[in-house]
Every structure is written in C-alpha cells, then in structure tokens.
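What follows is a single structure, written as structure tokens, with notes after it.
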Amino acid sequence: MPINYTNLLLMLRECKNFRCLLQVHGSLIVSGLKPHNQLINAYSLFQRQDLSRVIFDSVRDPGVVLWNSMIRGYTRAGLHREALGFFGYMSEEKGIDPDKYSFTFALKACAGSMDFKKGLRIHDLIAEMGLESDVYIGTALVEMYCKARDLVSARQVFDKMHVKDVVTWNTMVSGLAQNGCSSAALLLFHDMRSCCVDIDHVSLYNLIPAVSKLEKSDVCRCLHGLVIKKGFIFAFSSGLIDMYCNCADLYAAESVFEEVWRKDESSWGTMMAAYAHNGFFEEVLELFDLMRNYDVRMNKVAAASALQAAAYVGDLVKGIAIHDYAVQQGLIGDVSVATSLMSMYSKCGELEIAEQLFINIEDRDVVSWSAMIASYEQAGQHDEAISLFRDMMRIHIKPNAVTLTSVLQGCAGVAASRLGKSIHCYAIKADIESELETATAVISMYAKCGRFSPALKAFERLPIKDAVAFNALAQGYTQIGDANKAFDVYKNMKLHGVCPDSRTMVGMLQTCAFCSDYARGSCVYGQIIKHGFDSECHVAHALINMFTKCDALAAAIVLFDKCGFEKSTVSWNIMMNGYLLHGQAEEAVATFRQMKVEKFQPNAVTFVNIVRAAAELSALRVGMSVHSSLIQCGFCSQTPVGNSLVDMYAKCGMIESSEKCFIEISNKYIVSWNTMLSAYAAHGLASCAVSLFLSMQENELKPDSVSFLSVLSACRHAGLVEEGKRIFEEMGERHKIEAEVEHYACMVDLLGKAGLFGEAVEMMRRMRVKTSVGVWGALLNSSRMHCNLWLSNAALCQLVKLEPLNPSHYSQDRRLGEVNNVSRIKKVPACSWIEV
C-alpha cells in the first residue's frame, strides 16, 4: 500500500493494538502529516489520555472539534472529573462556544461522576442556546436524569423532543426499568412500537429486567417471541433464563437453555443460578458435571452456584472437585468465588480450610468478612464470630445487615446481651435497624438472652410486624422453656392479622418438641394440614422430629413412610436420630442401609448417627465399615464425626483407635476433649485422663463441668484420692464452676471406697445442691464394701425415702419379702445377644 495521507488515516483507524498505533504515528511524523483529531481519538481508544494530552497541547489554537475529542476521550476512559474540567476550561477560560457534541460528552461525564449539580447548570446553558430538542443532547439529558433517579425531569425532556431515534427510546425505557418502574417501562416500549420505531437488540435487552420484576409469565413469553423473531435468541439466552427464573417458570428456563445449540459460559452460569435459586441443588451439580465433561469455561456465577449446591447437600467431595475446576479456570483470585468456597467448606464441616481461605483473600470486602463470621456462627463458635467482628470494626470495614445479623446470633449463643445491646445501638446509628432482617435478629438476640423487655420494645418499634418477627419472639420463649408464652405470641400473631408461614409452623413444632407436648403438637399438625404446609420438606422434618421427641415414634414412622413430602438426606437423618432417642439402634442401622438402597447420599450428620448406633450396639464391624466410608468421603477430620468415632471405638473396647481418631480431628473443641476424657474414664485409664486434662488446659481450652466429671470418674475408678480431691477443689476455686450432684456422687464414691467416710459425709453435708439417689447410692456401695453397717443402713433409709418403689433398695438389705408389697412395679426383661 503506497504511503499517503489517506492510507495513513485508514491504517490509523484499523490499529488493533497499541504498538501498531505507535508505528503509524511514527510514519505520520516522518511524512510531516499531523491529523491531530484522529490521533487523539486513536490514543483515547487505548485509554492513553496522557499521550492524547501531549498531542492536544502541541496545537497552538485548538478548535472545538479537538476539545470535543479530548472531552470524549476522558469520558470514555472513566475520567469524568477531568472531562468536566476540560469542558469548563474550554467554555469559561478559552471562550470557545460548545457545540451539540461538547454538551453530549459533558452530560455523559456528569452522569458518570454523579455530578448532577453541574449537569443542571449545563442543562440551563443548553436551554439558553435552544438546543434541548437536539436528538443527541436530548438523549444525553434523559440518561443523566435517569442516573440521578429524577424520572420526572427525564420524562419532561423526552416528551419535549420533536425527533427521537431508537437510542433515545432505549435510554428512557432503560432508565425506567433500572429505577424499578417496570410497568412504565413496558408501556413506553409499547408506545415505541406504536410509533413504528425499529427496535434493536438494546431495546429488548433493556426490557428483560423490567419484565423479570413484573413476574408475569404471559409477558415473558411475548418478549421471548420478539427475541426469536428478531433473531437474538443466542445473545439473549442468559437474560431469558434469568427472566423465567424470576417468574418461577423453571420449565421455560430449561427449554431456553436446551434450545440454544451453542451455549456459552454465561448460559451455563445463569441456568445453574436459576436451579440454585429454586432449591434444585442436585440439578446444579449435574450441570456442573456436564460443564466439566464438555470442557466449558466456568464463570464466577456458575462457580458460586455449584459451591452453594455442594454446601447445601453436604457433598464435600463434590465441593473439592468444584474447587479444583475453579483453580483450573483461574477463578480462585476472585473475591466472590473465594467467599463461596469459604462458605462451602464451613458448611461441610471443614472450618479450618474456610479460615485459611479467608486469610488468603487479599482484598477482603464486607461480604468476605460477613461470610466468615456466619461460618463461625453456623459452627457454633460464637466467641470466634464476635472476635472476628471486632477485628473487622478495628480496621474500619463498615458492616452491613448480613454482618450484624450473624454477630447478633453469636451474642445470643453466648448470652452476651451487653455486646448485643452495643451492636443494636450501632445498627440504629447506621440506619440498619430499620431493615427487617436486622430488626428480627435484634428481637431474637434479646429474647434468647432472656431479656424480654428490650425484645418486646424492639418488636413494638417495627413498622410492619411480619411472621418472621413473631417467630423470633416466640423462639426466645421456647428456648427458656416457657411454652405457654411462646404459644401466646403465636395467638397474638393471628390477632394482628398476620398469616402464619411455614416457618411459624416449624417454630410451633419445635416448641412442642422442646416441652414434649404431644397434645399441642397434634393440634399444630392439624393447622399444618389446614394451611397446606404438610408437603413442604422442612415442615415434615419438624413434624417427624416433634413426634420422636414426644414419645410418639410410631406416628413419626407412619409420617415418614407415607411420604407426603419429598424425602431427602435430612429426613433420613431425623428418622435415624428418632430411633436412637428411643434406644432402637438396630432400627437406626436398618434405616441407614435402606437409605443407601434408595440412592440417597449420606452427609456428615448421617455418619454421626450411624456411628452412634454402632457405639450403642457395640457393633465394631458396622463401625469400622462406616469409618472406611468416612475416610473415602473425607469426613473424618470434621469435629462431630471425629467425636462420634472416638466414642464408638471406646465403647467397642478399642481405646487405641479412639486415640487415633481424636488426633485426626482438625478442630478439637471442648466436646472433643470431653469425649476422649470419658473414653479414658470408662476404660479406667486414670493417668491418661489426668494427662489429657492437663494437656487440654495447656492448649488454652477452658474445661467445663463435663470435663471435670469425666476426669473425676477416672480418678474414682483408679482410686486416685489425692488427685481427685485436688481436681475437685480446682474446679471451684480456679475455674469457678459450681459442682453438680454428679460431681459430688463421684467424690463420695472415691472417698468412701478409700474408707474416708468422715470426709465423704462431710462433703455430703457441705453440698450446695440437694442430695440425690446417686450420692446416697455411692455411699451405700462403699460402706457395704467396708462392712460399715451403721452407715450402710443410714444410706439405705435415705434411698428408700427418695425412691420407695425401687425394688433394688430392698433387695440390697435382703428385704426381699417387702418387694411383693410394692405395687405397680415393672421390670424391663433382660436379653443377651451377639453381633452376627
């Protein structure tokens, strides 16, 4: 191509990269040609405003065209303040009259910088010059006013325009849709078609969010038809899927997804998000498998949806696979993906991995902090959640409603009402309390801390009292065991004209379960059927749980077998737990086997239940088989699973295996240490128990009453009197833990077996709690062992007073004749069996 002015300008327009632009610029300099305007525009396309400015400054008296090029370049690069500065300098300092293009670019800069005061001044200048009706200026004014949420002014400008092109109509429709005026946007679109404006892809694209918010399937189908007619189906597939999802028409969304023969990453991500939004998590994971098989690039929407699904079903193996694929796709650096990963691992019980992911996030935003606080809260680590919230506040990251909701739940968990009150005050100052979610969390926090006066005040301040607020207040009363007041709240809910939702029914069932109130539970069941909630899974789960807690296992079995709801892993877990509560471990094992036959995927809770069943049956072979499955699934390091394995092996006589499982637990909380202490105590390994007890304190873990009971029990079995006395004194003096009747029974038995009856009786005399059968029984056994007849008779007399209908007390004193005089005594038949 010969080098001339025309060819060089053509080459300048066709530059695809910055290096090519520099070469063409060099050729222009060599040729002595200076197309300043074209060069400024070219450098602006590569966002090199510094070089554009050098060229501009080299011109002695730049005209309005060059000024416009600079203003447009700054606006295009997002440097809106600089663009407005140039506009002001041109018109005010240099005295150059702006033309319609100057005004258009300046108004776009006002919209981009949200400087609407400047925009109003420019509008006044436009009106003075009589340029309001110009199609370019008018469109820019409409866009600016829509960004300012001043739809009245935008519509006035729009209506004054004599000539409107498709861009003008699209801008007005988009402005209405983005500001929540969906119906107005749809009406304007109809006007647009009535005016015979040739709609383009932008017209339809702007309308999709408006139609989505209307949630009308017939309107969705009309828009879908227009998209097909215009031939935009491929480009609009993601938007259509999202639109149908918002209208709860998942079947139509699936049809769009399947009809698109060339699916891009956006289509896959939107479809997965649609499934996740509607609770179809198994389908999300199936799509993920297909996406991976087809080697489709995964975007962050798909990654977040897949991780959410894995977390919900508790499938850690699948979650790890999604993590690996996200790493391959280079998504791991994205904050939203890292936050989703963090949530998935925490919900699957791998809190340590979640913590590490949180630490590795470089630019932690409020969402990341909130997710980690929520993770601690879900794991029951209320103190850690509160501590992290304090760290967040220390580095001046402003919490949102989600953050405050989680940390208020943490305050409720540790009964930290003073801190909860401080957070409540912060929510009021930050104007977050008015958000219903936060207000409900405040009510729940006060109620669960037993502070019903501020809870009721917060409740009364609510402008709109919905079912969620009533539920939160009622659950507070349930937690303190006041079923009557909880049901009074539910009655007031009806008086206020608030319709109960499914969560209300679940709350009422939880109250009945907590108080073992079968009669009320049956009435609630009737209300559930009346309102049509019986087919909802979480309601059915609460029903089964209520029946098992109210000694109505037969009713729970009937409900589970009838299956008026869709069974899930959760429902099988509840049924297994019900059998265990009623001492039917064999049925729990049978339920687990049936669950596997029906192809349900067990989660961590399932494994905890089956390991508990194996422990109760001392069925070592079953326990070892489950342990093998746990290793394959990667659940062994999870705290609840690890605790159950420690207990199972201890009850099956394999204390070495218990120790190994204890070591493998990644996060050892107080329950883990107590389980291992109990195992040592049951096996009479007092020295191991004491050593572990000391190690526990060295790890800065404060022992609780259960810890002391376990180590005292171990000392009792081994006859370690001095060690037991030291630990008992340490419990009250150092750790400020009030001794309970079980602790006294241990000490009386320990002292009595050592023949220290004086100390044993003195301890009983100094007891701050009422003596029980356990304490007198311990004294009776030890006194009989040492042939102390006077003391054994005294202990026996007290036992008979406490439990006159217990035949064992009479038989111990060889008063077998008196047993026949005791009426209505039933003895559970004994049995013996072997594991087959």
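Glycine too: its Cβ is placed from the backbone N, Cα and C atoms.
Listed in Swiss-Prot for this protein:
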| type | residues | note |
| --- | --- | --- |
| REPEAT | 1-35 | repeat 'PPR 1' |
| REPEAT | 63-98 | repeat 'PPR 3' |
| REPEAT | 99-133 | repeat 'PPR 4' |
| REPEAT | 200-230 | repeat 'PPR 7' |
| REPEAT | 365-399 | repeat 'PPR 12' |
| REPEAT | 400-434 | repeat 'PPR 13' |
| REPEAT | 568-602 | repeat 'PPR 18' |
| REPEAT | 603-637 | repeat 'PPR 19' |
| REPEAT | 638-668 | repeat 'PPR 20' |
| REPEAT | 669-703 | repeat 'PPR 21' |
| REPEAT | 704-734 | repeat 'PPR 22' |
| REPEAT | 740-770 | repeat 'PPR 23' |
| REGION | 775-836 | region 'Type E motif' |
Go through the chain and flag residues at least 6 beyond the ends of the repeat 'PPR 21' (669-703) whose CB is under 8 A from any CB in it; none is fine as an answer. 381, 639, 642-643, 646-647, 649-651, 655, 658-659, 662, 710-711, 713-715, 717-718, 720, 723, 727, 735, 737
Residue numbers, six or more beyond the limits of the repeat 'PPR 23' (740-770), whose CB comes under 8 Å of its CB atoms: 705, 708-709, 712-713, 715-716, 719-721, 724-725, 728, 731, 777-779, 781-783, 785-786, 788, 791
Averaging pLDDT over all residues of the repeat 'PPR 12' (365-399) gives 89
With DSSP as the reference, give the number of residues of the repeat 'PPR 12' (365-399) in helix, strand and coil. 26 helix, 0 strand, 9 coil
